[in-house]
Amino acid sequence: QNEEKWDFVLVSDIHEMGSEKEIKRKKFLDELSKKGFTIKKIEDTKLFYGVRAPQHIFWKYQSLLRNPNSRQRNSTAHQDVPVTTRIRIVHFILQNTVTSDFEKLHDLMKKKVFEAAFPLHKKEEIREILKKKWARWRVIFKKQPIEEIRCYFGEKVALYFAWLGWYTYLLVFAAVAGLATVAAGTTVFSSSQVSKEICDANNTIMCPLCDQNCSFWVLSDTCIYAKVTHVIDNEATVAFAMFMAVWATVFLELWKRERATVVTNWDLYRWDEEEEELALQLINNLQHEPQPYQHSYLRSTIVLILALLMIVVVIGIAHALVIYRAVAMALFMQSEVSLLNQRASTMAVMTGAVLHYITIVIMTKVRSHTGPWALLPLLEKPRTSSQRENNFAVKIFIFQFFTHFSSLIYIAFFLGRINGHPGHYVRIAGHWRLEECHPSGCITDLFIQMAVIMLLKQTISNIMEYLIPFVSHQLRKKQRHPKKRSMMLGEEEDAEDPCKRQWLNNYELNEVDVFSLFNEYLEIVIQYSFTTIFVAAFPLAPLLALINNVIEIHMDAIKMTRLRRRMVPRKAKDIGIWLQVLEAIGTLAVIGNGLVIAITSDFIPVQVYKYMYSPCTRENHTGMDCSTGYINNSLSVFRIQDFEPHTKAGMEWPELAPTELCCRYRDYRNADDYTYTVQFWHIFAARLAFLILFEHVALCVKLIAAWYIPDDPQKVKNQILQEKHSNLHNEL
């Protein structure tokens with residue numbers, strides 16, 4: 001049975017005797033031997049060193065961190081250190097063992113003295129249970145075995161899956177609400193007066209959408225788009241946005257309760273990470289001095305400046321996408337291909353969205369390999385590993401957030417509002433016109449952009465995330481096996497060491513790094529941002545997220561149990577800094593959705609028209625729809641002779657009405673001097689009023705929900721109270 005008990009395996013290339021690498025390796029292994037470690041060497045195409053820690057290390061750990069309520073235990077309680085704890089302690093000692101040259105394992109791996117260090121996947125009962133109940137597609141709708149995950153991968157991984165499972169479960173309600181919103185849009189609001197007017201506007205001549213090769217066009221051409229827009233831009237969307245703001249709060253509050261229950265069952269409610277790390281440092285080296293807390297305003301300022309620089313770069317990329325869309329629109333309009341020509345604006349939006357997705361992929365790669373992130377830990381000097389991870393998480397999240405949302409923010413709030421008006425367009429480099437909103441409203445552009453990014457991100461990213469580890473695992477196996485056979489032919493008289501096969505199998509798996517779990521969190525948190533922040537423009541986001549997560553949970557499970565080396569189990573009693581990040585997203589969601597309804601959608605202009613300018617205000621029309629005449633009212637008139645001289649070429653005047661030499665465009669401007677009308681300012685004031693009202697109501701409801709649902713269930717509080725009481729009682 002003893003061969004099963006190796007805690008860690010170190011892998012190294014076979015170096016020449018007396019070479020610098022070989023000497024460094026020997027020094028490191030000697031240090032481990034001094035600490036009482038048992039080391040076993042197996043030679044294959046690489047050198048494998050099995051490492052087993054002496055029992056007294058675990059006894060020290062137990063006596064240092066013993067629970068007060070387990071004081072009565074006798075010395076026989078020394079035996080049962082869980083495997084996860086055992087691996088964690090050995091990993092810590094390996095990482096912090098210093099050779100006589102003042103080098104740690106991390107430095108030796110950089111210098112290629114060692115190639116890998118990993119704990120082993122063992123043929124344990126728990127692993128078989130996980131493979132059967134969790135890491136397969138058949139059990140996709142079953143409850144996750146969180147307790148078994150904890151016993152094999154440690155608390156940190158188990159908490160991630162508990163959180164992801166809880167989030168996925170609550171997404172069901174959001175997805176149903178989103179579907180109901182779209183269903184309401186297609187049924188109740190399908191016969192809307194606004195889209196009817198657009199479809200009937202055969203005589204409304206609109207101004208050209210670009211300078212060259214663009215003719216005047218008739219408003220009724222956009223009939224289908226108007227109907228699609230109205231599916232997502234109606235009264236139901238306002239209610240849905242409000243619902244999502246409350247949903248985000250309720251989700252987090254219920255998760256806090258769930259977490260409290262889970263960690264109490266694991267006896268980690270009052271666990272202190274700092275104490276754990278100090279204990280491990282002292283077990284490793286009795287002369288260890290704790291690192292004091294430090295704070296430097298200069299360092300913080302430099303970190304802030306670096307972070308702002310990265311954000312500026314990302315916003316610059318968003319600007320480049322804006323320029324691309326303006327140029328693409330002009331080029332598509334001049335194209336010979338009829339599809340590009342007729343659908344230029346949609347094609348510009350679609351290709352812009354695909355390009356945006358490509359920049360996201362590229363920036364994610366840049367982020368993971370280089371960038372100022374490498375400098376930040378050196379500048380900040382974090383004390384503990386979790387502090388380092390938290391600092392890193394916040395900065396990377398902000399960077400990723402801007403990468404994903406800069407383009408969406410432009411489309412939602414700036415597109416079509418900063419492009420001037422006919423006869424006086426804003427141009428890039430004095431040449432290309434900034435693009436306008438889609439004729440049926442700006443929310444369509446936002447809908448297309450979000451749909452493209454979410455679909456691409458979830459399909460392509462997920463496929464790559466699964467395929468890359470799968471293919472690389474197969475390749476590693478292929479590279480190894482022929483060599484293994486020739487070895488066995490040559491050494492038939494030797495019985496093969498039972499450990500050898502197991503160690504080789506583990507070595508062939510894909511390596512895990514510190515950020516494997518971090519990347520999973522980041523991916524889901526960014527998805528959560530999509531699900532909440534601009535959900536008013538894309539009510540199907542929660543449904544897409546739900547489908548993605550059900551698949552994601554099982555893909556992660558298969559990766560962890562079958563395709564990757566075993567993760568070093570880490571203890572944790574919460575999901576760390578991610579909770580604060582999720583709370584920040586919840587607040588941003590209220591602001592974002594308020595802005596989308598107030599600024600991007602046509603909800604406010606229609607309401608202002610209904611109550612101030614429609615026929616209903618002048619006389620009592622009971623049977624009449626109050627939004628009758630809205631379209632005509634929302635279009636301004638432009639005289640054709642006022643076009644800039646260089647834009648007249650290529651404009652064909654439609655045959656419908658040669659007498660009226662005017663065209664229409666979306667805006668509220670006077671026909672004579674093109675200044676804003678009074679109605680424009682009325683709508684502006686109404687937008688602001690709605691925004692303030694919506695955000696205050698939504699934030700109040702969020703606060704009430706947070707107060708109404710206590711963070712810790714009564715059961716947990718009473719259990720802890722009872723424990724404190726019995727400890728003191730026994731003490732007396």
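Just so you know, glycine gets a Cβ as well, placed from its N, Cα and C.
The domain 'Anoctamin dimerisation' annotation in TrEMBL covers 84-146.
Here TrEMBL flags 149-722 as domain 'Anoctamin transmembrane'.
TrEMBL lists 157-184 (among others) with the feature transmembrane segment.
Residues or ranges marked as transmembrane segment in TrEMBL: 236-255 (among others). If you look at the transmembrane segment (236-255), the same-chain residues 6 or more away from its ends with a CB under 8 A from one of its CBs are 163, 166-167, 170, 173-174, 177-178, 180-181, 184-185, 188-189, 532, 535-536, 539, 542, 579, 582-583, 585-586, 589-590, 593-594, 596-597, 601, 603, 694, 697-698, 701-702, 705-706, 709, 711.
Annotation comment: TrEMBL describes 302-324 (among others) as transmembrane segment.
The feature transmembrane segment is assigned by TrEMBL to 344-363 (among others). With a threshold of 8 Å between CB atoms, the same-chain residues lying at least 6 positions outside the transmembrane segment (344-363) that come near it are 209-210, 314, 317, 321, 324-325, 328-329, 332-333, 335, 399-400, 403-404, 407, 435-436, 438, 445, 448-449, 452-453, 456-457.
Among the features that TrEMBL reports, transmembrane segment is placed at 392-415 (among others). If you look at the transmembrane segment (392-415), the same-chain residues 6 or more away from its ends with a CB under 8 A from one of its CBs are 303, 307, 310-311, 314-315, 317-318, 321-322, 352, 356, 359-360, 363-364, 367, 373, 376-377, 435-437, 442, 445-446, 449-450, 453, 518, 521-522, 525-526, 529-530, 533-534, 537, 576-578, 581, 592, 595-596, 599-600.
As annotated by TrEMBL, transmembrane segment applies to 525-554 (among others).
The transmembrane segment feature in TrEMBL is assigned to 575-599 (among others).
Sequence-distant contacts of the transmembrane segment (684-709) (same chain, at least 6 residues past either end, Cβ-Cβ under 8 Å): 238, 241-242, 245-246, 248-250, 253-254, 257, 586-587, 590-591, 593-595, 597-599, 604, 607-608. Here TrEMBL flags 684-709 (among others) as transmembrane segment.
DSSP states for the domain 'Anoctamin dimerisation' (84-146), grouped as helix (H, G, I), strand (E, B) and coil, give 32 helix, 3 strand, 28 coil.
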